[in-house]
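Features as listed in TrEMBL:
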TRANSMEM  B:45-64  transmembrane segment
DOMAIN    B:211-419  domain 'ABC transmembrane type-1'
TRANSMEM  B:215-239  transmembrane segment
TRANSMEM  B:246-269  transmembrane segment
TRANSMEM  B:299-320  transmembrane segment
TRANSMEM  B:354-376  transmembrane segment
TRANSMEM  B:396-419  transmembrane segment
Amino acid sequence: MKKTLILTSALCSMAFAASAQEVNLLSWGGAYGNSHLEAYAKPFTAETGIAVNIADADNPATPIKAMVEAGNVTSDVASVEYADAVRLCDEGLLEEIDAASLTAADDGTTAADDYIEGGVTDCFVATDVYSMVEVYDDSKFPDAKPAGPADFFDLEAFPGKRTMRKGAKFNLEFALMADGVPAAEVYEVLSTPEGVDRAFAKLDTIKNDVIWWEAGAQPPQLLADGEVTMAYAFNGRIFDAAMKDNKPFKIVWDGQIYEMEGWVIPKGAPHMEDALKFIAFSTAPANQARAAEFISYGPPRKSAAAIVGNIEGTEEPMGPHLPTTEANMGNALGSDLDFWVDHDSELNERFNAWLAG
Amino acid sequence: MATPLDPHAAIAIEAGGVDGPLTTADGQPLNRALSRASRKARWRAFMLVAPLLLFIVVTFAFPIGQMLYRSIHNDGFAANMPQLSEWFAETEPGTTPDEAAFAALARDLQASAEARSIGIVGTRINYEMPGTRSLFTSTGRKVRGGIEPPYREALLEIDEDWGDPSLWASMRNSSTAYTDSFYLASLDRTRNVEGDVVQVNENRRVYIMLFLRTLWLSALVTLMTFLLGFPIAHLLATLPLRRSNLLMILVLLPFWTSLLVRTTSWMVLLQQQGVVNDLLIWLGVIDNGGRLKMMYNQIGTIIAMTHILLPFMILPLYSVMRTINPSYVRAAKSLGATSWTAFRRIYFPQTLPGLGAGALLVFILAVGYYITPALVGGASGQLISNMIAEHMTGTLNWSMAAALAAILLGGVLILYWVYDRLVGIDNLKLG
């Protein structure tokens, strides 16, 4: 934080003479915000001389809504979740971003083709991919190790409590994958009433052994306390606990469900031109790959995934820890936003009724 | 005796004043002088509380009123689909949509898609009929460039769901800005195609059950705090001051500690690998396989909430018990009452004002409890406030959150009224 302040004030005074060339970036703070500062903001200023002022929010989508509706937009670029980007875009609160303005890959592939599916939409350019993954405590299963979604639901072979996110999203898809539905067909099955029944029936089999988490910090804590032996949790949190606190947590990538985060421009942003320059710069493959060395969220561009280096400050390659690495994408499911905006309330009501029943 | 400057004191009765009105010494009618003086006093008193009143109106009453207003007012559809809303206003419920209706729909969709408000419209209808938001947004993308008559065929070709009667019923329900549908949904009810109120599908009924559970758990927590708090309050009130002060600090210390800290402490104590279970195993009460489940269920919620709300019961009880004269009980005993009778008929009735205040405080706080059930409640320990939070921050359906909150508020007010009728609010003593 202090570093950010010093940096931004230094940059501000530098840029003062060069008129109002600047980008106001709204990010999340924490380790994730730090990756934005180190991998995007600092190199961008070094190359172009345009200052980047970073502000933090709990979820930048909320202030965007407030700013645009009040007609007082102070941010030029914001980092939001894919779902929020689509919602804000549909409600007319974002500027459209032309995919042609993005940096092409080194071999000449256009950005639109270089991105994984859904990475570039009308108002949104993805910066990273995070995912929901199955995790187990290695010390609890000395012999056979869990290897896929089905093992998560196998209480006999892998005894102990589980923890899952409280809500319908992620769990229903995961239950279907555990029931043998291939990732590619999950949403097709889940669109039918029978499919939903099937998912709930699968969840029923472990219902009495699940602790439901709400905050992302809970699953590593529950694993560390020995309250649960397996978790279905966000990969970044687990990576942090495993790397920094040396916990024996192992990720099973089979059955992961991934989602994207990325840049949007609030409608009426004061520095449109610089904002577009910043977006083109930061989503260039080399810079995306650099960001992934700070936090275990994968680059959404295929050409960037190949050139991610070592975990910052260590000699260990980051690649195996990223959701987007080829080897980890075997049976991976991209979260279907359209499905969830349509069925969120319906399935959550049913989920809550199921939980309480 | 009295100076004419003092209208209160200076009452003079004019000679023969038996018939004429009373006047002050300076000849003014007494009524008017009195009312002017008291008006001035009232005005001064009002000016003294005005800053607080203004503060409460601006920061409390106004925002809450605005929030509650959302529960009956949502113009997401009506404002963005004006022509179709007009068609609904002109026709009877259950009317089959004709070409005019489809024409209005098509023009509104196009205008709304161009204004980028189609997401708002779709979200509103999705509350009524899950699974329809993408129908609006995807159709909106297609008609943005224009749509040709006949509109009915054109829209059905884009997506045949546009002919679905229940979709039209949902749009009709949403076509007025003022709506009762959020209140219906809060009571697990909805309107069917004919416009009648019916219960929602069995596997989606959740709110009524949660309301009842919230009331039941709050009553249970109130009872528990009473059973645990009454003896302690009695002890505090009867011990010599120096020792009771020490005990009082023990009651107040947790009261001054952050709610989150206390809740997480309970998590450390109660979890299956936690302190209490370890202790029981060490004592040989249970074996390692039989660790008790005291967390992530109703038991956890009850234990943590009882502990957290205990001071709110003890403090009013204590302050009332301090004022009870011990000679009453002594007198009862000297007149032959057993200890139990003296307690039941003499002591306990005198504690009722404190008990009433404590019970009301604990109950009302418990009804709105959110963080503790969220952290220790697991699946079966969730209360209605957790659903309100879910709609505020998760689904962003603020109208629904407002309706649930309004029902909760109404329920508490009704209980308050019942309490007033049974016990009497004047009988309440907070200290």
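From the backbone N, Cα and C atoms, a Cβ is placed for every residue, glycine too.
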Inset, instruction - Sort out for me which stretch, of B:45-64, B:354-376, B:396-419, has the most Cβ pairs below 8 angstroms to the transmembrane segment (B:215-239). - result: B:354-376
Inset, instruction - Could you tell me what the rest of the chain brings near the transmembrane segment (B:354-376), counting residues at least six beyond its ends with Cβ under 8 Å? - result: 214-215, 217-219, 221-222, 225-226, 229-230, 233, 259-260, 263-264, 266-267, 270, 295-296, 300-301, 304-305, 308-309, 312-321, 382-383, 385-386, 388-389, 408, 411-412, 415-416, 419, 423, 427-430
Legend entry - Sequence-remote partners of the transmembrane segment (B:246-269) [C-beta within less than 8 Å, at least six residues beyond its ends]: 232, 235-236, 239, 275-276, 295, 300, 303-304, 307-308, 310-311, 314-315, 318, 371-372, 375-376
